[in-house]
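Enquirer: So that we are looking at the same thing, I have put the structure below in structure tokens.
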Amino acid sequence: SQYSAVDTNPLSVYVMQPIWDKIIKIVPLWIAPNMLTFSGFVMILVNYFLISFYDWDYTASGTSPGLVPTWVWLFSAFATFCAYTLDSIDGKHARRTQSSSPLGELFDHGLDSWATSIFVLSFFSVCSRDNGKTGVSVYTMYIYLSIVLFNFMCSHWEKYNTGVLFLPWGYDLSQVVLIAAYLLTGAIGVEIWHKPFLFGYYITDVLVILLIGFSLFLSFPQTLYNIHRAHLKKTLKNGSLYEGLLPLVSPLLLFILLTVWVVLSPGNILAKQPRLFLWMVGVAFSNVICKVIICQMSSTRPELFHWILFPLALVVYAAISGLLGWTEEIVLGVFAMSATAAHVHYGICVGRQLSEHFNIYIFSLKKRVQE
């Protein structure tokens, strides 16, 4: 299927696109577009692990400001800008080198589905977790992450039904806000987040309110409107309501299972291991969404229950029933690592299969030699 995306965001159209058009001219024509996509993702990962090293439990900005060196915040701004740029020019570069392919589209959106959570998890280090005076509670973090992932899911669910990816307005805005937040933190220090900003509200509160407002009152209604419009024009991809709603079943069950674990955990797992837990949420979500993206691209029907729901359900049951006892954190660690390994393995396998099927290399513009 031919890839089609619509971008109506003024920030993107009038400010960012002209910048990308200038930057793309510097990129050598022999570089594969997937190389750009992957480099951006690697920068996000490096940045995340760097922040994790200085601030594993999300307390550095609150209880001991200055624990994260200034250069780390500046590097975060730089890494975020590079990743945002590379993610925005990879498609242009593919058209420039006449190498657009379903493999590239899947590579781009698949990595985006993972990067989305990593962006959010890195940002939490800026505002730190609640210590009584400042910060955000770990439950707010979980809700915040869930809303961002819900938004991402909506745009791909919409593409599954309409065949068109309407790029959400929040994306460019969130990237610019992230970069600005890192620069501010680097320039002034984390103290900037500790002072009330407007009417006794902190900047972090304002950002959370904006995010929820954007999602529930802009992105989601827009998604429903676009699907409704396709329905009126009779251009919907799926005949029945059941088929149209099918891709939502697994992500919603995933969210329900995770929330049950968060709320009923006897050891209060989210408060004990927020970074591990939220990382696991992001990986599990990305794996579920990648399946939807593949189904939407190949016009196949997703299975009702994604495989990860079964081991997760077992773990959640064992945790909330008290069976795990003091091993709950260890089991979370093992599950998070297994899910990450399974996701990476899945990505490599799908990449290889598509690379063979379309007779192209993932990271090179040379054609594969037919065996």
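Cβ from N, Cα, C; glycine included.
Straight from TrEMBL, here's the annotation block:
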type     : residues : note
TRANSMEM : 26-50    : transmembrane segment
TRANSMEM : 70-86    : transmembrane segment
TRANSMEM : 136-154  : transmembrane segment
TRANSMEM : 175-193  : transmembrane segment
TRANSMEM : 199-220  : transmembrane segment
TRANSMEM : 241-264  : transmembrane segment
TRANSMEM : 276-294  : transmembrane segment
TRANSMEM : 306-324  : transmembrane segment
TRANSMEM : 330-348  : transmembrane segment
Enquirer: Can you work out whether the transmembrane segment (136-154) touches the transmembrane segment (199-220), with the criterion being 3+ CB pairs under 8 Å where the paired residues are 6 or more apart along the chain?
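Expert: Between the transmembrane segment (136-154) and the transmembrane segment (199-220), contact is present.
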Enquirer: Go through 241-264, 276-294, 330-348 and flag the stretch with the largest number of C-beta pairs under 8 Å relative to the transmembrane segment (306-324).
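Expert: Ranking 241-264, 276-294, 330-348 by Cβ pairs under 8 Å to the transmembrane segment (306-324) puts 241-264 first.
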